[in-house]
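Taken from Swiss-Prot, the feature site 'Important for substrate specificity' covers R12, T71, Q154, and the record attributes it to sequence analysis. Among the features that Swiss-Prot reports, active site, proton acceptor is placed at D70, with the record citing sequence analysis.
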Amino acid sequence: MERLILASNSPRRKEILQNLHVKFDIIVSDVDEVFNEKDHPAKIVETLAYLKAEDVANRIDRDAIIIGADTIVVKNGIIGKPKNKQDARDILRTLSGDVHEVITGIVVLDTSSGYTVIDHVVTEVYMKKITDEEIERYIATGEPMDKAGAYGIQGRAAVFVEKIVGDYYNVVGLPICKLGEVLHKHFHINLL
């Protein structure tokens, strides 16, 4: 199998690939995650994922398959990572008792040929009504501070999620089903 590189600093993306016992390296991209909020959310995550993969491709000196990804939460606009504890409170109150979308853009880029596949996955997440006391306890853990939407479905915030429609791993940050399909169909790489 060709060298596989994950262009991400996300511990969640790393863990998802490690759980599959896939051999890969990590090279963190230097891309600033700035975007035009007027663009469609799917376009934003696809573009950022591409820029991350391209940045890493331009910095390595041997052939590799590079995976780039970017995840955002959408409810009446884009919800990023909280800037501070008050922002986390506001975000969690916005998501409480309602549905929102989690969109992850993925890019797989072959540095030897330049062949690139760009796609995205959308998952709907239904949150229960979260009390202010629950929000305060959750924020006190520190868990929401580095996550889009101010929550981690794989962590303590699982108690807030009533149901999802779509790929669970997409909400975590790497839609492994779609990634597996892309790697198999376009790059002849099996994750099993």
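Using the three backbone atoms N, Cα and C, a Cβ is placed for every residue, glycine included.
According to DSSP, D70 (active site, proton acceptor) sits within a strand segment. Applying an 8 A CB threshold to same-chain residues 6+ apart, the list for T71 (site 'Important for substrate specificity') reads V45, V102, I103, T104, G105, A148, N170, G173. A separation of roughly 12 Å, to the nearest angstrom, links the Cα atoms of R12 (site 'Important for substrate specificity') and D70 (active site, proton acceptor). The residue listed as 'active site, proton acceptor' sits 17 Å from Q154 (site 'Important for substrate specificity'), taking the C-alpha atoms as the reference points.
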